[in-house]
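Everything below concerns the one structure shown next.
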Amino acid sequence: MVRILRKMLRIAAWPVVAGFAYYVLAFVSLHFARGDEGIVTVWPASGLFVAALLLAREKVLRFSIVGAISIASTVSNMSAGTPLDAALGFTICNLSEALLVSWLIFHGRRRPFSFNDISDVGRFALASVTGALWSACFVALILRDWNIGFFVSWFTTVTLGIMIVTPVVVLVARSATARNLKITTEQFVRAVCYLLLVLAVSCAVFLQSRFPLLFVPLFTVLIATYRLGALGAATSVCIIAAVGSVATALGLGPIHLIDGNYETAVLFFQFYLLTLLASALPLSASLAQRQRMLAGIQRSHSLLRMAERTADLGHWHLNFATNELFWSSQVYAIHGQTEDTYRPELETALDLYHPDDREEISGRVNSSFAKGESFDFDARIVRPDGEVRHINTRGEAETDETGHVIGMFGVFQDITHRVETLRELDDERRRATEEAQQARLLSETDQLTGIGNRRKAMAVIEAAIGEANSHNTPLSIAIMDIDHFKSINDRFGHSAGDEVLKRITRVCSCSLREKDFIGRLGGEEFVVVLPGTSAKEALTVCERVRCTIEQIDWKPLVLPSVTASIGVASCTGNYDDSDHLLNEADKALYAAKQAGRNRLSARAA
């Protein structure tokens, strides 16, 4: 409820304030009007009206302001002796010009209007001229009087009134209501002093008619513009317009030194004010744009420094003309140096690198500098405390507008953490590979005898069959079984049985050829793979193995003679059934056992 009451009060109060201010400005302007046509230098009331429309946010408030100013305009014109019909005509013209100017400023805009934007200043000036031209044509149509003097006077006074007063009112109002704008007492006093300087100089220039000092106020306008921005520019021109208008109306000032009547003097003064505006407002907008650019650059620079610190990355630049080498603060940090104690130089830059890297770096960098080509390499640097850091540096050629290489620029990054991480990953990968190989070896090795187990044997047989098929070569396999092994375990114990298995494994490995393979299928049963071996050759090899086993000296074990039975199966090329081959060898083994053991038996697969 309180918020609604405040809003209603604002909507009711501001139109009253605007209407009263319009009346005062119009009354004062008409009071100082001179000449047959009632000429005034500036019509500030139009500027106030446009400013009120620009500042009003709600439509209801705009309509209220239009209504209040309509009444104020009619009353002020009638109080100056203007008939009611003419006063209403003037009011309609003033209303239409302000509405047209505000519409031209707001139409098609997607961002707030600002006098600190050079394009907005240009749009405002064009809208002011268009609105004043429309108003001058409209009033001539209403009065049915196309007197060129009155037309020009109306057009120029309204144009200057809008262009001088509107910026002041808008900027002051926005400064007063801005929540994030904090003005210190020192800043306020400084601003007042600059504006008092403008006022003092204006009074000194326009209250005398002896010297043509119209150029002097321009200096104060420029000073106020540089120090106070758009508000200083608009307010200083407004002060000069007010002082100059009053002085000119009183017959004072250097304006009257020109050769001509009062109308000519007023027209010249209007041109003078227009010159001041054209010098001050665009300048203030350009300065504001420059400040925004500087703030943006500073913000970007701060973000760049933060990004460089986060990424351990800095940038550098080399000027070929002066051989001056520039480092950013992060490059100093990477090298373990400080800007106060170290100055980078091209001649000594190579000394910062690890001795083992200098020759390669020198060659690559010199080649890049000579050809103006980009480069990218990793190297090591040595800090003053002896710490070695890994770095990556990249550079590109800098050219002028003619394409001539004038320097190099690039980045410098500390990649020590990345190098160490990659090294650790390599170590872990190598360790994992070794562990995987070890695990695979363990999974394929018979724990008692140390030779391949059944899994390994089957893989070897499959590979041997593939090799035989590829080269159309013979292949033989043998299954060997230790005779009466169960009785050895029963009579002499499992430890003796284990020793028998291990010793037989050793002598068999020694009796076989290098390309042959022996594996344990399980229990006392072994398989021998004989690649590239015919049935006849296989029997010879297996007979040697059998005899070797039979001749083993089992001391210190007290064992009877241990023998083995062997079944051999052979094939030649285009054979891919390992199970069938093993089956045939197993049948041959069975035949050897049936024949009395300690002998060989062969089958063709």
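Quick reminder: no glycine exception, Cβ is built from N, Cα and C everywhere.
Automatic prediction, not curation, is the source of TrEMBL annotations.
According to TrEMBL, the transmembrane segment annotation covers 12-32 (among others). Sequence-distant neighbours of the transmembrane segment (12-32) (same chain, 6+ residues past either end, Cβ-Cβ under 8 Å): 38, 40, 42-45, 48-49, 52, 56, 61, 64-65, 67-69, 71-73, 75-77, 79-80, 165, 245-246, 249.
Per TrEMBL, the feature transmembrane segment maps to 38-56 (among others).
Per TrEMBL, transmembrane segment is recorded for 63-80 (among others).
The feature transmembrane segment is assigned by TrEMBL to 86-106 (among others).
The transmembrane segment annotation in TrEMBL covers 126-144 (among others).
Counting same-chain residues at least six beyond the ends of the transmembrane segment (150-176), those with a Cβ under 8 angstroms from any Cβ of the stretch are 25, 37, 39-48, 50-52, 54-55, 94, 97, 101, 115, 124-125, 128-129, 131-133, 135-137, 139-140, 183, 230-231, 233-235, 237-238, 241, 263, 266-267, 270, 273-274, 277, 281. Here TrEMBL flags 150-176 (among others) as transmembrane segment.
Under the heading transmembrane segment, TrEMBL lists 188-207 (among others). Same-chain residues lying 6+ beyond the ends of the transmembrane segment (188-207) with a Cβ under 8 Å from its Cβ atoms: 213-214, 216-217, 219-221, 223-224, 227-228, 231-232, 235-236, 239-240, 243-244, 247-248, 252-255.
TrEMBL lists 237-258 (among others) with the feature transmembrane segment. Remote same-chain partners of the transmembrane segment (237-258), defined as residues 6 or more beyond its termini with a Cβ less than 8 Å from a stretch Cβ, comprise 32, 34, 40-42, 160, 164-165, 168, 195, 198-199, 202-203, 205-209, 211-214, 217, 221, 264-266, 268-269, 272-273, 276-277, 280.
Counting only same-chain residues 6+ beyond the ends of the transmembrane segment (264-283), those with a CB under 8 A from a CB of the stretch are 35, 39-42, 115, 118, 121-122, 125, 152-153, 156-157, 159-160, 163-164, 167, 214, 217-218, 221-222, 225, 230, 233-234, 236-237, 240-241, 244-245, 248, 255-256, 258. According to TrEMBL, the transmembrane segment annotation covers 264-283 (among others).
Per DSSP, the domain 'PAC' (375-427) is made up of 12 helix, 30 strand, 11 coil. Feature annotation from TrEMBL assigns domain 'PAC' to 375-427.
Taken from TrEMBL, the feature domain 'GGDEF' applies to 473-605.
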Summary of DSSP states over the domain 'GGDEF' (473-605), given as helix, strand and coil counts: 59 helix, 36 strand, 38 coil
Within the predicted model, mean pLDDT of the domain 'PAC' (375-427): 88
Chain residues in Cβ proximity to the transmembrane segment (38-56) (below 8 Å; excluding those fewer than six residues from its ends, i.e. six or more beyond): 14, 18, 21-22, 25-26, 29-30, 32, 62, 65-66, 69, 73, 76, 94-95, 97-99, 101-102, 105, 113, 128, 131-132, 153, 157-158, 160-166, 168-170, 173-174, 241, 244-245, 248-249, 262-263, 266, 269-270, 273
